[in-house]
Ligand code: UDX
């Protein structure tokens with residue numbers, strides 16, 4: 001008989017995983033302590049903006065393969081394989097990850113696990129967590145060691161979560177030697193393995209580290225090119241041409257090599273900080289120092305953007321209007337967690353600038369996160385009377401803006417491209433001063 005699946009925690013990861021498992025053909029029960037989330041999901045709506053997710057939810061609520069509950073006991077009794085998908089946010093005022101939700105999920109489930117089953121961690125956790133949870137499970141579940149733990153990290157990108165769930169780059173199983181978890185996971189993921197998705201079977205600690213080091217590597221790649229952007233600015237070189245040339249070397253590759261305002265979001269920043277904290281605890285000081293610099297380079301991009309904006313405003317923000325295009329941490333997302341765009345907007349407002357922020361999808365979340373900022377309902381409205389326009393999240397809509405039309409609205413035609421994707425020549429031809437991070441500023445024409 002096909003295993004029955006439960007998914008504990010139905011946020012962005014859990015909701016996608018639950019719908020994905022139903023799509024693979026399993027009966028799935030999603031469990032969350034938040035009754036609002038459960039009722040939203042039960043009505044077929046997604047709590048986050050994620051392309052394709054609502055269609056998948058609707059299909060499997062209708063097929064009867066997917067339902068949601070707030071009862072941990074019901075979840076424990078239902079499933080043969082229980083996926084833990086709860087969040088591990090950064091602790092307030094610290095770099096380390098907050099493990100409260102992971103521990104609470106295991107504690108809620110364990111007392112009802114009275115038959116053999118597998119509990120599979122998917123959350124991003126500090127290395128060593130799986131070994132600790134495995135012991136906790138064996139000590140507290142009535143099934144004892146027959147309630148077995150495995151670690152199976154996820155690598156979802158926001159905006160591609162459904163695709164990354166149904167066609168991942170790889171699967172990683174961290175298991176205890178001699179247990180039956182590997183077999184159970186091979187069965188659950190048989191449709192993907194059969195389609196050729198590569199599999200790495202390893203121990204708990206390695207599986208946990210695959211996730212954090214993958215994120216640390218991506219962050220490093222971005223900070224590397226942003227460090228090069230600093231050198232480009234200082235030497236008159238152009239970082240966009242530099243990265244295009246580097247990308248031809250397929251050992252380097254062009255992905256995650258776009259210089260600009262740097263990374264944000266709910267994963268990369270918090271995950272590298274949690275990794276730093278754990279590396280420090282383990283005495284891996286060089287890893288800690290290395291990652292600290294990756295984080296520092298990233299944060300420096302934001303202050304550099306504020307500095308450039310101040311320069312464009314004539315040395316100070318007082319009495320100046322600044323249009324901010326973008327609030328989401330990346331395009332095609334409504335997520336504003338650790339958004340570089342909002343961080344820059346807030347810094348400028350703190351320094352006395354009159355900021356007006358527009359984003360095609362993330363305004364609601366932005367208003368919740370930064371209620372003190374001013375928001376506009378369109379790029380044109382944000383640009384009204386602006387002394388400088390900052391392009392901070394690279395939505396397609398912004399690439400398609402007509403600089404001539406926008407030019408009619410602003411007080412001064414100055415644009416700072418924080419993502420290096422606007423067509424500089426087009427903007428310049430429309431009479432704008434175009435500047436970007438890591439690119440040379442052409443000499444002004446004689447007489448101007
Ligand atoms: C990331 C990882 O890609 C994913 O594998 C992991 O599971 C979760 O974290 P996500 O947070 O959705 O996914 O965003 P991603 O697309 O990776 O972008 C992260 C940030 O890096 C964004 O702020 C983006 O604007 C920035 N970025 C990305 C750059 O600044 N330059 C680049 O070249 C690429």
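Glycine too: its Cβ is placed from the backbone N, Cα and C atoms.
A coil conformation is recorded for residue 124 (NAD(+) binding site) in the three-state DSSP classification, outside any helix or strand. Within 10 Å of the C-beta of residue 124 (NAD(+) binding site) we count 24 further C-beta atoms, all protein chains included. Sequence annotations record features per position, and here TrEMBL assigns NAD(+) binding site to 32, 37, 88, 124, 158, 270, 337.
According to TrEMBL, the feature substrate binding site maps to 155, 156, 157, 158, 211, 256, 257, 258, 259, 260, 264, 330. Under the DSSP three-state reduction, residue 155 (substrate binding site) is assigned to coil, being neither helix nor strand.
Residues or ranges marked as active site, nucleophile by TrEMBL: 267. Under DSSP, residue 267 (active site, nucleophile) is assigned to coil, being neither helix nor strand in the three-state scheme. Listed in sequence order, the residues of the same chain lying 6 or more apart from residue 267 (active site, nucleophile) and placing their CB within less than 8 Å of its CB are 124, 215.
Residues or ranges marked as domain 'UDP-glucose/GDP-mannose dehydrogenase C-terminal' in TrEMBL: 323-424. Summarised as a single figure, the pLDDT of the domain 'UDP-glucose/GDP-mannose dehydrogenase C-terminal' (323-424) averages 97.
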Rounded distance in angstrom between the Cα atoms of residue 37 (NAD(+) binding site) and residue 157 (substrate binding site): 21
Minimum Cα separation from residue 270 (NAD(+) binding site), reported as the residue among binding-site residues 155, 157, 211, 259, 264 that achieves it: 264
Rank the binding-site residues 270, 337 by how many other Cβ atoms lie within 10 Å of each Cβ and give me the one with the fewest. 337
Could you check the binding-site residues 257, 259 and say which one's CB has the most other CB atoms within 10 Å? 259
Which of the listed binding-site residues (37, 157, 211) has the least company, meaning the fewest other Cβ atoms within 10 Å of its Cβ? 157
